[in-house]
């Protein structure tokens, strides 16, 4: 299967125009899109360890959720040089789908909404990020699901008692900033995401929003595993996971 055919398939599932402005999605490294791909590796991050593993495993197309470069850089030295050197010397194509994969139908946020069987789920933000709906059950049942499928030891900021059948917001990855806490406090009773800070915790307590930090990694990898299964069932090539 050619690299360009894989990219076309991914972009049909997670259209690039869904990505939020400034998100560095799409082809990251590589130029021969007519190359025949024999093994695809999938990972959350294009870390040096992931790229080294891709080389070791004979991966020739590396898909990552997070892009290789987020901010503009002025030179290619240190770790970024090491990453590029391995990718280019081994002719490994690197491709990323980030917020477009978060937002798209059956993407990472829909995977969380489906896990909790949210009633009437809708996008949490106008740009399509996150999901919010009614969780039909108790807070304890919600935590049991979280611990079983997402993270065994989530951080729970229980700012108030939660009635059954509560409004639950979910957002895969980084969602527990102070601005997000303030926004979601007007939308939901409970908020599951990742990357809680000390000041966000205090703000959640003050606003009466129950927050569950199941980590950036775990809230995204749950849906990424589903995406890997989807690719495996639709693409005629070997697909392996590299960091989950």
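Keep in mind that glycine also has a Cβ here, set from the backbone N, Cα and C atoms.
Straight from Swiss-Prot, the features:
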- 65, 102, 220: divalent metal cation 1 binding site (BINDING)
- 66, 216, 220: divalent metal cation 2 binding site (BINDING)
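Across the structure, residue 65 (divalent metal cation 1 binding site) and residue 216 (divalent metal cation 2 binding site) are spaced 12 Å apart at their Cα atoms. Sequence-distant neighbours of residue 66 (divalent metal cation 2 binding site) (same chain, 6+ apart, CB under 8 A from its CB) are 44, 45, 46, 96, 98.
Apart from the site residues 65, 102, 220, the chain places the Cβ of 44, 66, 98, 99, 101, 107, 108, 172, 173, 223, 224 no farther than 8 Å from the centroid of the site's Cβ atoms, the recorded divalent metal cation 1 location. Within 8 A of the CB centroid of the divalent metal cation 2 site residues 66, 216, 220, the other residues of that chain are 44, 45, 65, 172, 173, 174, 194, 217, 219, 221. Separating the Cα atoms of residue 216 (divalent metal cation 2 binding site) and residue 102 (divalent metal cation 1 binding site) is a whole-number distance of 13 Å. Put plainly, the binding-site residues 65, 216 were compared by Cβ crowding within 10 Å, and the winner is 65.
Residue 102 (divalent metal cation 1 binding site) counts 27 other C-beta atoms within 10 Å of its own C-beta, drawing on all protein chains shown.
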